[in-house]
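Novice: According to TrEMBL, the protein carries these features:
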- A:307: active site (ACT_SITE)
- A:60, A:62, A:154, A:307: Zn(2+) 1 binding site (BINDING)
- A:62, A:63, A:64, A:94, A:280, A:311: substrate binding site (BINDING)
- A:154, A:181, A:234: Zn(2+) 2 binding site (BINDING)
- A:51-239: domain 'Dihydroorotase catalytic' (DOMAIN)
Ligand SMILES: [Zn+2]
């Protein structure tokens, strides 16, 4: 990454608006507007027709390191993030060892800083070793150099109502937020896919929508009662959307995310028994997909988060019930959002910037990300060719794992360049 | 027909062809020399990840009566128990040149997955709580032999529908063949979306029995009780067991079926199981004929099933 620190991005359309030149100098946006009074020292990036967005921020990424470096490392995940247009990702805590101490979150934070392609913000576990019973040292993680603000037992639900209440209260001391993986455990024992017509036909144990909705309803009421911030991970059902809408109307300080795959894919894909479509929460019905899109458009769901979940080949080339849950998503997220939200007219590019950059940065309290493309702001910029189409080939991706449900399909759009504080991490669609 | 993975894959004509072929082949079973040369030189692998001696023996007898080479590959004592993946096993079978693989597996969809990894025909001999198509075919065969028809036949299937691969395959096949199916179970043992299935549903066995030509009793496993699907075995038996009193509510021509293995006293009383109107032992014999027919239709190519004798 030995590039001229000054760049002139020529002719890009900030947030899809009128073409403008963007001058980047010393890691900040130095000028935005009409064809710039050229800085002769600047390296020119021709960007005519490209959309310029603030660098994307992911609230929900599994980087697998430490523990499962065969699936992903912080370095490979950071490259995948950059290739997807991200400048910051939140690394989930369900690693091995679990990120439940200051020591582990600082280790992940350092790995991210060394990787350099993307800011890696560790998420801290809510409970020790994700046991759901004993609070982890949340304050120590908050006070560490990793400055943890998002706490989550993701993969596991904090199902004990009293423990959830305590966690919600406790993190107020350092402006933290608890990100809940909403899954009532007893209702989902052995669950394999969405419970409904398809699961009944396929003989796969069902994961009922109510198991998500019941926890969301409970936690919204708890958060309201104790006056805490609550974030709901990967909302997947129409009923959850209705509960969130109701909770927000009561003034509950709740935010929510939706994954790209829940905006596009449905449970009937399980008919093939190909576990590439096995994910938690599971793919739902077309009616749920429609409700999620509408909720993301109207702001009931605040942001898009990838739940990028890399797994090695053998974890998916097996019987459905033996297979691991999860799919990679960093390098396809923006394309799926374009396909489901922009090309359908539900969201404009300013809306995409808000839901994939500004809002997740605000929820995660990342002050240097999700900023507007304005003079003086950190130069975190993504250039995106919305007119391109590409066939998805996981083998060509930067992620170490290939478990993409979009393999072989065609999606719109392509990330052309990503700048992290003025340094290109991706240029001409290639990792730098 | 390339594989037999689901009873729903069979059209009415295909299903009828299986039953007609089975009938032809049944005659062989009554001869003193029970062997046909039809599948000579073909290799059939019985790949059994679940203990099911009765089903494996039935397939083995069927393949051997057609002169196929049979390889039994059971999970016990093989590389499978050492953790070899289904995919690696599939590649081994592929390298061995298996023409047909009969698979029994505890995971729903295992047969479908296997079919994606081998060139030979895959025959689903029961996959998890998904399907068991040859069981449905032999049940349909047994009903047709006993009752003379399937069209319009009123069939009650009673028991743990939710977890039953037999029920799933029977509902699909009997619907295809024109029978009228009613599922009878406590609501906890029915799938949530059962209302979308091509059959009727009742919680009341006593109400259904007098209107049934066939009553098929499914096994109810004791572990369901521990998971609170019903309170006690006694209450289950009282509400859904086929005892002598309930048996008396059936009309005189009605038959009683059970795919086995049965729990006498729980879902069916001993005197009902042993009555002449019970088809339980016939079902075993018919199983061989039906499996011969399926193997023949999947692997036999153009020769006639019985052949010209040589
Ligand atoms: Zn999760």
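Backbone N, Cα and C define each Cβ position, glycine as well.
Situate these features within the shown structure.
Specialist: In the structure as shown, the Cβ atom of residue A:307 (active site) sits within 10 Å of 28 other Cβ atoms.
Using a 10 Å radius centred on the Cβ of residue A:62 (Zn(2+) 1 binding site) and all shown protein chains, the other Cβ atoms total 27.
Around residue A:311 (substrate binding site), the C-beta neighbours below 8 angstroms that are at least 6 residues distant in the chain are A:71, A:324, A:326, A:401, A:403.
In the three-state DSSP classification, residue A:234 (Zn(2+) 2 binding site) falls within coil. Just so you know, the Cβ of residue A:234 (Zn(2+) 2 binding site) picks up 25 other Cβ atoms within 10 Å once every protein chain is counted.
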Novice: Does residue A:94 (substrate binding site) have same-chain partners at least 6 apart in sequence with Cβ under 8 Å from its own Cβ, and which are they?
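Specialist: Correct list: A:62, A:125, A:130, A:153, A:154, A:155, A:156.
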Novice: Going along the chain, which residues six or more apart from residue A:280 (substrate binding site) have their CB under 8 A from its CB?
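Specialist: Non-local contacts for residue A:280 (substrate binding site): A:155, A:183, A:207, A:325, A:326.
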Novice: Where does residue A:60 (Zn(2+) 1 binding site) sit in DSSP terms: helix, strand, or coil?
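Specialist: Residue A:60 (Zn(2+) 1 binding site) sits in a strand per DSSP.
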Novice: Of A:181, A:234, A:307, which recorded positions are close to residue A:60 (Zn(2+) 1 binding site), meaning a Cα within 10 Å of its Cα?
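Specialist: Among A:181, A:234, A:307, the ones whose Cα sits within 10 Å of that of residue A:60 (Zn(2+) 1 binding site) are A:234, A:307.
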Novice: For ligand 1, list the binding-site residues among A:62, A:63, A:64, A:154, A:181, A:311 whose CB atom is within a distance below 6 Å of it, in sequence order.
Specialist: A:154, A:181
Novice: Looking at the binding-site residues A:60, A:63, A:64, A:154, A:181, which sits with the largest number of other Cβ atoms within 10 Å of its Cβ?
Specialist: A:63
